[in-house]
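Record features (Swiss-Prot):
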- P3: N-acetylproline (MOD_RES)
- K14: N6,N6,N6-trimethyllysine (MOD_RES)
- N123, T173, K177, R295, H327, S379: substrate binding site (BINDING)
- K175: active site, proton acceptor (ACT_SITE)
- K201: N6-carboxylysine (MOD_RES)
- K201, D203, E204: Mg(2+) binding site (BINDING)
- H294: active site, proton acceptor (ACT_SITE)
- K334: site 'Transition state stabilizer' (SITE)
Amino acid sequence: MSPQTETKASVGFKAGVKDYKLNYYTPEYETKDTDILAAFRVTPQPGVPPEEAGASVAAESSTGTWTTVWTDGLTSLDRYKGRCYHIEPVAGEENQYIAYVAYPLDLFEEGSVTNMFTSIVGNVFGFKALRALRLEDLRIPNAYIKTFQGPPHGIQVERDKLNKYGRPLLGCTIKPKLGLSAKNYGRAVYECLRGGLDFTKDDENVNSQPFMRWRDRFLFCAEAIFKSQAETGEIKGHYLNATAGTCEEMMKRAVFARELGVPIVMHDYLTGGFTANTSLAHYCRDNGLLLHIHRAMHAVIDRQKNHGMHFRVLAKALRLSGGDHVHSGTVVGKLEGERDITLGFVDLLRDDFVEKDRSRGIYFTQDWVSLPGVLPVASGGIHVWHMPALTEIFGDDSVLQFGGGTLGHPWGNAPGAVANRVALEACVKARNEGRDLAREGNEIIREASKWSPELAAACEVWKEIKFEFPAMD
């Protein structure tokens with residue numbers, strides 16, 4: 001045995017499985033302004049104490065490994081380790097706890113959501129000591145936020161670019177989402193924009209398929225944008241989906257969109273990845289393009305109540321990575337979204353400072369230190385009868401996006417767009433006059449339909465449509 005080995009053995013080095021709570025559960029720790037704070041919903045395996053479960057999360061998502069290693073002595077683990085500093089039981093749930101973990105900022109690369117997530121929501125989610133694990137919220141410190149560009153432009157700059165103020169923006173996803181030729185697709189875009197919408201949108205899975213290659217779609221949509229602008233006198237846009245199989249191909253599509261002179265492109269930020277998304281956001285700021293973000297795949301991550309990650313965390317990550325719009329659910333349509341919880345992360349997208357409010361799912365006070373805001377996009381199973389509720393819930397700084405609620409109009413796409421625009425203008429006017437949209441919404445829509453045959457037809461078609469299913473989990 002070498003002298004060095006003998007020395008190590010003599011001071012108590014011992015192989016074996018670690019008891020994490022001895023080093024990583026530190027209830028006496030006072031968090032720093034520079035720490036990233038995380039709130040995890042922890043479900044330990046039977047027989048695992050909550051303190052050990054919380055400590056294992058802190059360890060496995062920072063400096064820990066399952067046994068003592070010689071190289072622990074070559075660095076300051078106390079400086080770099082994550083710490084579980086508080087644990088509380090979840091009310092009404094058996095064997096579930098909220099474990100609060102603080103991470104020193106040195107653990108994370110500047111300006112990289114990819115690196116932050118690789119640590120905090122990485123291998124620890126498969127740890128055997130835990131039956132389930134869910135990241136409920138993150139507090140991003142000011143020092144780390146300042147290493148990100150964030151959204152390419154933000155809410156105010158977008159309004160200035162579009163010259164549109166005092167109301168939500170209106171959009172429409174072109175349907176059917178797959179199968180149209182580029183020319184027919186462009187025709188649908190033109191009809192919707194001419195009818196009064198601000199934007200139309202590629203569906204998230206429209207990339208470059210055999211029936212419609214991306215370059216053809218971009219050209220026909222650009223023609224539709226410019227023709228509708230000339231006829232209406234309003235600035236129009238279509239979310240051209242630049243998502244591709246490689247970052248290089250994605251950037252090629254964004255460059256072509258800029259060369260065409262269109263105002264906005266789109267990215268599927270979860271399936272495309274945060275590295276690609278951040279690269280595209282930087283390009284969009286440098287080249288004057290707005291960036292619309294779709295959240296395809298989010299429900300795989302956030303729908304389970306005790307495992308995965310809440311969408312408010314994905315929303316915060318998107319604001320760091322960059323996007324001017326992001327889909328946020330509707331509260332009233334076909335996709336899941338509880339009102340208070342949804343409005344909680346909508347505020348985290350838009351506002352510069354958001355106070356802790358557990359009733360809305362906000363575990364930490366978040367200061368965005370003037371990082372530009374993101375417009376929430378309400379989309380999924382909505383129609384004209386939802387307009388008062390959507391206007392009241394989301395306010396002016398939002399995009400209300402009707403796919404089937406535009407293209408399903410019995411008279412065609414342009415009348416469907418007219419119906420939505422008339423309904424929106426009626427709701428905004430009524431709100432500005434002091435009327436209660438929540439209580440008088442249906443009456444406001446009926447009054448407007450008396451002088452808009454397009455709206456009257458839409459009201460008749462969708463008067464019985466609801467998406468109401470009992471929650472089973």
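Cβ from N, Cα, C; glycine included.
Ranking the recorded positions K175, K201, D203 by the distance of their Cα atoms from the Cα of N123 (substrate binding site) places D203 first. For R295 (substrate binding site), other Cβ atoms within 10 Å of its Cβ number 23. In the three-state DSSP classification, K177 (substrate binding site) falls within coil. Considering only the recorded positions K175, K201, D203, E204, the residues lying within 10 A of R295 (substrate binding site) on a C-alpha to C-alpha basis are E204. In the three-state DSSP reading, R295 (substrate binding site) counts as coil.
Cβ neighbour counts within 10 Å, taken over all protein chains shown, single out H327 as the most crowded of the recorded positions K175, K177, H327. DSSP classifies S379 (substrate binding site) as strand under the three-state reduction. Between the CA atoms of D203 (Mg(2+) binding site) and H294 (active site, proton acceptor) there is a gap of 9 Å. In this structure, the binding-site residues under consideration are N123, T173, S379, and the one with the smallest number of other Cβ atoms within 10 Å of its Cβ is N123. DSSP assigns H327 (substrate binding site) to a strand.
Each residue contributes its Cα atom, and for H294 (active site, proton acceptor) and S379 (substrate binding site) these two points are 10 Å apart. Reduced to three states, the DSSP call for K201 (N6-carboxylysine) is strand.
Other Cβ atoms within 10 Å of the Cβ of D203 (Mg(2+) binding site) number 18 in total over all chains.
On the backbone, the CA of K175 (active site, proton acceptor) and the CA of H327 (substrate binding site) stand 17 Å apart.
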